[in-house]
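S.K.: Please see the structure below; I have some questions.
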Amino acid sequence: MRAARVSGRAAKPGRLSRFGTTIQNEETPMMAPKDLLLALVVILAWGVNFVVIKVGLHGMPPMLLGALRFTLAAVPAVFFVRRPQIPWRMLILYGATIQLGQFVFLFTGMYVGMPAGLASLVLQSQAFFTLVFAMLFLGERLRMENLIGLAIAAAGLAVIAAQGGRAMTLAGFLLTICSAAMWAIGNIVTKKVGRANLVSLVVWASLVPPVPFFLLSLWFEGPQRIGAALAGLDGASIFAVVYLAFVATLLGYGLWSRLMSRYPAAQVAQFSLLVPIVGLASSALLLDEHLTRAQLAGAALVMGGLAVNVFGGKLVRRFAAS
């Protein structure tokens, strides 16, 4: 990995990052301006992704949206991308958690009243679910900064949950929390898989969700709603499906994989803190979503907890070394 060559030191085993990868204890190389721009492109694509989901849900029900998204993400890309060298059961488990489970809950939650901006924020609780699941299933230890960050973020989520009403439904909030938990389970699967190519993993795992999504759509949404949605597809709905499949999924993970191959996981993962900021800003600008003062306070606590989780250990080590 280029990062190891720049630092001149062999990477040492580290702890689980917020995306299920291992944070290495190596010197951090300076990110090239071109790669910094690519990182910001990914964050912008993923942050605006929540606004696009809302747009898509205006034109079609959630299970149908999920089916179309992952069908386009898998086909035709699967014919041009080599299958990751991992067991089929792990590939299916990854697709069933991060892609099917996560988006069944997220799309349904946003459909029943979770605002796009808050969804982008609450979904980041996956970082703390990942830490807890890694402790339970992988035997990894929680550090003090993890516990402090978890407590701060949990307080923020409680404040947000208490501020239901017209702006946000409790059902939408709880479904988004379930979505974050499914993402975290997928992170544990990723950890067990090891260093599989992220692009090939995402493309091939995208073969898993379409059939279950279509079956769920038939069962819960019915043939009439499916037919009406497909017959009434407009430009906004088509744009939403194409964006979710090609921009948020293939382009986003493709660029992210390139960055992860060039720099330490911890350095790249820090950029993910910007996703909810872009999500909140774009939803306010494009969807006219506005948070109450209490929700803003809760959002600040969640972001603070995430920041403590990501940067806390580094700050403590620097302080101890000074």
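Note: Cβ is positioned from N, Cα and C throughout, glycine not excepted.
A TrEMBL annotation is a machine prediction, not a hand-curated record.
Residues annotated as transmembrane segment in TrEMBL: 36-57, 63-81, 93-112, 118-139, 146-164, 170-189, 201-220, 226-256, 268-287, 293-312. Feature annotation from TrEMBL assigns domain 'EamA' to 36-160, 171-310.
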S.K.: Quick test of the contact rule: Cβ under 8 Å, at least six residues beyond the ends. What residues does that give for the transmembrane segment (146-164)?
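M.R.: Same-chain contacts beyond the flanks: 118, 121-122, 125, 128, 131-132, 170, 173, 177, 292, 294-295, 297-310, 312.
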S.K.: Report, as numbers and ranges, which residues of the same chain sit near the transmembrane segment (118-139): CB under 8 Å and 6 or more residues beyond its ends.
M.R.: 16, 18, 20, 47, 49-50, 53, 106, 109-110, 146, 149-150, 153-154, 157, 160, 168, 172-173, 176-177, 179-181, 183-185, 187-188, 191, 272, 275-276, 278-280, 283, 289, 291, 295, 299, 302-303, 305-306, 309
S.K.: Which residues of the chain, 6 or more past the ends of the transmembrane segment (63-81), have a CB below 8 A from one of its CBs?
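M.R.: Non-local partners: 53, 56-57, 99-100, 103-104, 107-108, 199-200, 202-204, 206-210, 213-214, 216-217, 220-221, 225-226, 229-230, 240-242, 244-246, 249-250.
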S.K.: Report, as numbers and ranges, which residues of the same chain sit near the transmembrane segment (36-57): CB under 8 Å and 6 or more residues beyond its ends.
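M.R.: For the transmembrane segment (36-57), the list is 65, 106-107, 110-111, 116-117, 119-120, 236-237, 239-241, 243-244, 247-248, 251-252, 255-256, 258-259, 268, 271-272, 274-279, 281-283, 286-287.
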S.K.: Summarise the model confidence on the domain 'EamA' (36-160) as a single mean pLDDT, whole number.
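M.R.: 95, rounded to a whole number.
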